[in-house]
Amino acid sequence: MNKILLKTTIIFTALFSLNVVASPLDWQKVKRPIPSEDGKASPIGSYTNGCIIGAQALPPKGEGYQVIRMNRNRYYGHPNMIQYLERLGQRAKAAGLPTMLVGDIAMPGGGRFLTGHASHQMGLDADIWLRMGEMSDADALNSDGKGLLVVDRKAQRVDERVWNSNHATLIKLAAQDPNVTRIFVNPAIKVKLCQTAGNDRGWLHKIRPWHGHNSHFHVRLTCPADASYCENQAPVPAGDGCGDELYSWFEPPKPGTSVSKPKVTPPEPFLCQQILNSPNRREWLE
């Protein structure tokens with residue numbers, strides 16, 4: 001593949017091509033990482049509205065981890081994420097944990113999904129399953145229906161029949177990395193972690209309750225220091241997050257507050273739109 005002069009491409013496209021807003025289907029067609037001018041990866045936009053230039057693929061297997069759902073082609077990320085997952089796999093193995101199963105990271109160029117995710121668009125998000133232990137190659141290729149549900153949805157608490165200390169240890173190891181800004185889990189999992197963390201609670205503030213997330217947890221890394229076009233989230237609130245905010249997730253909705261407003265999809269970052277309109281796009285499209 002010839003070296004692509006990204007800046008020249010973007011300027012040319014901005015001046016001479018139609019400014020067509022990309023659809024999720026457009027990003028689905030990106031089958032290879034989009035190369036950068038200088039070889040450095042660039043996350044563009046935000047976690048829920050962006051793309052990535054120079055993504056890398058996480059190898060299917062490494063020390064302490066295995067990539068699953070490979071048929072979806074969502075195992076690409078920023079180099080920081082790839083290195084983070086490799087480090088976490090090594091730490092998990094050193095702690096005596098079963099093989100860590102890595103789910104979706106991002107598509108080769110990032111961008112919006114047709115199904116499954118609102119975020120995971122810049123290669124700085126990754127799902128790690130709560131099922132642990134190596135899968136066969138066939139199951140790793142297509143892992144649908146093979147997850148482990150650790151939350152009793154009716155009781156809104158962790159299912160003690162399947163939850164064990166390995167889950168808590170892996171989440172704690174995942175949160176202790178300084179590049180991690182948030183880890184999303186089901187509110188019931190956060191409650192369990194708050195109850196069992198003991199005196200070492202310095203990592204709990206990163207564990208954020210969110211809808212779903214009852215068979216996996218979702219790691220989010222901070223924007224790299226040199227990423228000029230990457231937008232960080234606001235910092236998490238102070239404290240361990242084990243107080244009223246957490247337990248508010250279990251309260252019934254107040255009358256008159258359940259009316260949902262229609263969601264307005266914002267336009268994608270200009271650079272992401274122009275990448276898909278690039279004269280060189282055949283090099284990374286199917």
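Glycine is treated like the rest: Cβ placed from N, Cα and C.
The shown structure was predicted, so the numbers you read here are calculated from the model rather than taken from an experiment.
Marked as Zn(2+) 1 binding site by Swiss-Prot: His117, His120, Asp127, His218. In three-state terms derived from DSSP, His120 (Zn(2+) 1 binding site) belongs to neither a helical nor a strand segment and is classed as coil.
Under DSSP, Asp152 (Zn(2+) 2 binding site) is assigned to a strand (E or B) in the three-state scheme. What Swiss-Prot lists as Zn(2+) 2 binding site is Asp152, and the listing cites similarity to another entry.
According to Swiss-Prot, the feature signal peptide maps to 1-22, an assignment based on sequence analysis.
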Long-range Cβ environment of His218 (Zn(2+) 1 binding site), under 8 Å and at least 6 residues apart: Ser119, Asp125, Ala126, Asp127, Ile128, Ile183, Phe184, Val185, Trp210
Among Asp127, Asp152 [binding-site residues], residue with fewest other Cβ within 10 Å: Asp152
Which listed residue (His117, His120) has most other Cβ within 10 Å, given these are binding-site residues: His120
